[in-house]
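Student: One structure, as structure tokens, below. Some questions next.
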Amino acid sequence: MIMPLINGLKITLKHMFMKPVTLQYPDERPTPSPNFRGLHALKVSHSKAKCVCCYLCPTVCPAKCITVEAGEDQEHNKYAERYEIDMLRCIFCGYCVEACPVDALKMTGEFELANYKREDFVFVKERLLEK
């Protein structure tokens, strides 16, 4: 009768001195792992987005959340005139980043996605360049 009580107390004391798993979120920020797939961002090269508008990212996206429209500059080089990602549809799989031939898209470690309006979840080109 006393042995189960002692075994239970042993387990309780062992767990009492372990490092806590829970973080007090607004005060303590978790650090995501290096492989964490967070919010998307466009990379910049020579003060322009690196995207050459090859349409591989919207083609490979299983959620169909990426919209790209091409434009041409004076040297007839293609660039993304319109680049949008609907974060409400995105499943954060990372296929768009893997498919990009010029490494123009990356996934950041940012994970806070709270907003009040649905329109704020559609990330346009300018917002993707800020990250």
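Glycine residues also receive a Cβ, built from the backbone N, Cα and C atoms like all the rest.
So Swiss-Prot says this about it:
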BINDING   Cys51, Cys54, Cys57, Cys100  [4Fe-4S] cluster 1 binding site
BINDING   Cys61, Cys90, Cys93, Cys96  [4Fe-4S] cluster 2 binding site
DOMAIN    42-71  domain '4Fe-4S ferredoxin-type 1'
DOMAIN    81-110  domain '4Fe-4S ferredoxin-type 2'
Student: Quick check: with Cys61, Cys90, Cys93, Cys96 left out, which same-chain residues have Cβ atoms within 8 Å of the centroid of the [4Fe-4S] cluster 2 site Cβ atoms?
Tutor: Cys57, Val60, Pro62, Ala63, Cys65, Ile66, Ile85, Ile91, Phe92, Gly94, Tyr95
Student: For the C-alpha pair, I'd like the distance in angstrom between Cys54 ([4Fe-4S] cluster 1 binding site) and Cys61 ([4Fe-4S] cluster 2 binding site), rounded off.
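Tutor: It is 14 Å, counting Cα to Cα.
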Student: May I have the list of same-chain residues other than Cys51, Cys54, Cys57, Cys100 whose Cβ is within 8 Å of the Cβ centroid of the recorded [4Fe-4S] cluster 1 site, in sequence order?
Tutor: Val52, Cys53, Tyr55, Leu56, Val68, Ala80, Cys96, Ala99, Pro101, Val102, Ala104, Leu105
Student: Nearest of the binding-site residues to Cys51 ([4Fe-4S] cluster 1 binding site) by CA-CA distance, picking from Cys61, Cys93, Cys96?
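Tutor: Its closest listed neighbour, by Cα, is Cys96.
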Student: Given Cys93 ([4Fe-4S] cluster 2 binding site) and Cys57 ([4Fe-4S] cluster 1 binding site), what distance in Å do their CA atoms have, once rounded to a whole number?
Tutor: 12
Student: DSSP on the domain '4Fe-4S ferredoxin-type 1' (42-71): how many residues come out helix, how many strand, how many coil?
Tutor: 5 helix, 11 strand, 14 coil
Student: Find, for the listed binding-site residues Cys54, Cys93, the residue with the lowest Cβ contact count at a 10 Å cut-off, counting only other Cβ atoms.
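Tutor: Each of the binding-site residues Cys54, Cys93 was scored; lowest Cβ tally within 10 Å is Cys93.
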